Each structure stands twice: as C-alpha cells, then as structure tokens.
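> Among the features that TrEMBL reports, transmembrane segment is placed at 35-58, 70-89, 101-122, 134-151.
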Amino acid sequence: MNFPHYLERCQLLTIITFGESVIAVLKTYPLSQNFWEGLTLFMGLGFMFVFYIIQTFVNINHHQRVSVKALSYAHYVIVASLLFFTVGLEFLKDSHHHDLGLHFFVLSILAFFVGTLSTSHYNIELYRLDRRVVAQYGLLLVLATGLFYLFGQQIAILGLILAGLSRALTRTGMYYRRRVREQNKIPHPDITANERDFS
C-alpha cells in the first residue's frame with residue numbers, strides 16, 4: 001500500500017469528521033445564545049485540529065515503505081473519538097444526561113490525543129518520541145482530566161480547558177522538535193524562504 005496516499009486518505013476522513021464536530025458545536029451551542037460556550041468549544045476543537053495536523057503532516061515521514069496497519073488503527077480511534085466528542089457535547093447540554101455527556105467528552109478527548117500520538121510510530125527518525133516527552137504529554141492529559149471533572153458543570157470553562165490542553169500539547173511537541181534539532185546540530189528551517197521544508 002502506498003503510504004503517503006493512504007495517510008492522505010486518513011487525513012481527509014479526519015478533516016471531514018472535524019467538520020462534523022464543528023457543525024455540532026455551533027448547532028448545539030449557537031453563538032447568538034451560548035456565545036462563550038460555543039466560542040471556547042470551537043477554539044478547543046480548532047487547537048485539537050492543529051495538534052493533529054502538526055503530528056500527521058509535519059512530524060510523520062511521508063516517504064516510507066511500511067505497513068499501514070498501525071496507522072489505520074490509530075485513525076479508527078481518532079475518528080471514533082471525534083464522533084463521541086460530538087455526542088458528549090450534545091449530552092452536556094441536556095441536564096438529564098449531563099454527567100454521561102461529561103464522561104463522553106473527557107474520554108473522547110483522551111482517546112483523540114492518544115490516537116494522534118500513536119501515529120508517532122511513523123515519525124521522521126529525528127522526531128521519534130522519547131520517554132521524557134511522553135511523560136510530559138501524559139502529565140498534561142492527567143492534569144486536564146482532573147480539571148475537566150472539577151469544572152464539569154461549566155461548559156465554557158470546559159472549552160477553555162480543552163483549548164489550553166490542546167495548545168499545551170502542541171507547544172510541548174514543538175519544543176521537543178526544537179530540542180532534538182539543536183541536539184543534533186540541525187538548523188531550523190528558514191520560514192522566510194517558503195521552501196515547504198517541514199522536516
């Protein structure tokens with residue numbers, strides 16, 4: 001199987017699922033009625049998308065000949081987690097199902113990040129995750145899980161926590177990239193040259 005072609009198909013399916021989640025956020029929490037809830041959840045979802053794209057577009061070695069089985073399983077988890085995220089958002093709005101919705105919300109977010117990070121098996125050799133960065137990711141996920149349950153009744157705060165978590169995970173990954181490039185004395189890409197060098 002052609003690895004870059006298969007990865008693009010997985011990314012396309014994930015992007016479509018993200019689109020469905022955005023529609024669900026704006027439908028369930030319309031900005032005209034639930035401005036802060038809709039805005040913060042939309043921001044959180046946007047930062048989740050950025051994290052996914054950096055991992056699957058920038059970090060992965062697109063020019064390898066390997067089995068795509070692990071990539072498939074990772075994307076099953078990613079797509080399913082986004083679908084459960086959507087269900088969780090709708091349940092959070094309903095006072096009778098709020099607690100169940102919170103569980104869906106939290107577990108889907110954890111599954112999404114674990115699924116996305118599991119694609120790091122295919123990373124460029126330089127960007128293979130070490131124990132230190134995995135521990136940092138794990139610590140952030142555990143901390144955010146506690147905050148989700150602590151502020152579970154305030155949906156706008158849940159959205160802020162999600163945005164903060166996604167942003168923190170993205171920054172952790174980017175700091176890791178910078179660190180390994182500097183350790184290996186590899187110059188950083190010149191963004192002004194616009195050579196599409198994402199390695």
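The backbone N, Cα and C atoms fix where each Cβ goes, and this holds for glycine too.
Owing to the predicted nature of the structure, the values given are computational and were not obtained by experimental measurement.
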> Cβ under 8 Å to the transmembrane segment (101-122), counting only same-chain residues 6 or more beyond its ends: which ones?
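The answer is 3, 7, 48, 51-52, 55-56, 59-61, 64, 66, 70-71, 73-78, 80-85, 87-94, 128-129, 134, 137, 141, 144-145, 148-149, 152, 158, 162, 165, 169.
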> Which sequence positions outside the transmembrane segment (35-58), separated from its termini by at least 6 residues, show Cβ-Cβ distances below 8 Å to it?
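Tertiary neighbours of the transmembrane segment (35-58) are 7, 10-11, 14, 18, 21-22, 25-26, 29, 78, 85, 89, 109, 112-113, 116-117, 119-120, 155-163, 165-167, 169-170, 173-174, 198.
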